[in-house]
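Annotated features in Swiss-Prot:
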- His19: active site, proton acceptor (ACT_SITE)
- Tyr14, Phe64, Asn66, Asn112: tRNA binding site (BINDING)
- 203-213: compositional bias 'Basic residues' (COMPBIAS)
- 199-227: region 'Disordered' (REGION)
- Asn9: site 'Discriminates between blocked and unblocked aminoacyl-tRNA' (SITE)
- Asp91: site 'Stabilizes the basic form of H active site to accept a proton' (SITE)
Amino acid sequence: MLLLAGLGNPGPQYQNHRHNVGFMAADAIFRRHSFSPWSKKFSALVAEGRVGTEKLLLVKPQTFMNLSGQAVGEAMRFYKLQPSDIIVFYDELDLAPGKVRVKRGSGSGGHNGIKSIDAHCGQDYRRVRIGIGHPGDKARVTPHVLGDFAKADHAWLDPLLDAMAENVDLLITGDESGFMNKASLAVQGKAADIEMAGEKPAQKGRSHIRQARPKAPPAELPSSGPMAAMLKKLFGGKE
């Protein structure tokens with residue numbers, strides 16, 4: 001059995017927050033594959049199912065983000081699982097919107113839900129980091145993370161969630177590169193480019209550096225002297 005945990009905050013007021021994209025991933029997997037109805041257990045919503053030959057337990061902690069490890073740890077111990085049997089889906093500020101990266105172990109990157117799981121389960125589990133982008137200013141991080149996805153975001157978010165759900169078999173069988181590739185293809189050309197504030201886009205085919213250079217004035221040809229005589233011989237001239 002593998003335990004797939006999606007992180008977020010419980011309650012309808014949080015359901016569209018960027019911080020809840022882990023819940024959204026779990027919901028997409030639930031819809032795409034055959035699972036039992038959600039039930040309350042381990043301070044979480046849980047559903048059992050199977051993808052291919054692998055039995056799965058979907059977990060959505062209902063403890064609020066900062067205590068996610070309580071629910072995941074309790075489920076891990078109940079089913080006598082190891083940290084290596086756990087896959088966690090969560091939001092990542094330091095990835096551009098629509099980017100997905102899978103890694104095993106390492107630090108929390110400042111994510112409180114991951115800190116909590118590290119404390120209760122150790123660090124040797126796989127993390128599916130789902131990019132939500134950084135607002136660019138530290139003071140805007142909290143309202144960004146705890147804000148709803150914009151309507152325009154669904155152009156990349158919906159196909160991304162669908163692709164992760166459809167290809168979760170690649171993830172559970174260890175083909176992490178294949179899973180990330182499918183996720184990348186799903187959002188190709190759909191995630192909006194983020195322009196630097198106040199910077200106008202370059203004209204097609206010209207770099208910003210090239211545009212910044214002033215045009216050099218045309219060279220003036222000498223009208224008298226030896227050089228003028230030589231040029232006149234080479235190119236001719238009006239008499």
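Just so you know, the numbers here start at 1 and follow the chain as drawn.
Positions of Cβ are set from backbone N, Cα and C atoms, glycine also.
When the C-alpha distances from Asn66 (tRNA binding site) to the recorded positions Asn9, His19, Asp91 are tabulated, the minimum falls on Asn9. The recorded positions shown are Asn9, His19, Asp91; of these, the one with its CA atom nearest the CA of Phe64 (tRNA binding site) is Asn9. Of all the recorded positions listed here (Asn9, Asn66, Asn112), the one with the fewest other CB atoms within 10 A of its own CB is Asn66. Across the residues annotated as binding tRNA (Tyr14, Phe64, Asn66, Asn112), the widest Cα-Cα separation comes to 16 Å. Within the same chain, residues at least six positions away from His19 (active site, proton acceptor) with a Cβ under 8 Å of its Cβ are Gly8, Asn9, Met65, Asp91, Val145, Leu146.
Taking the mean position of the Cβ atoms of Tyr14, Phe64, Asn66, Asn112 as the tRNA site, the remaining residues of that chain whose Cβ falls within 8 Å of it are Asn9, His19, Thr63, Met65, Leu67, Ser68, Gly113. In sequence order, Gly8, Asn20, Leu146 are the residues near Tyr14 (tRNA binding site), counting only same-chain partners six or more apart with C-beta under 8 A. Annotation for the recorded positions Phe64, Asp91: lowest Cβ count within 10 Å of the residue's own Cβ, Phe64.
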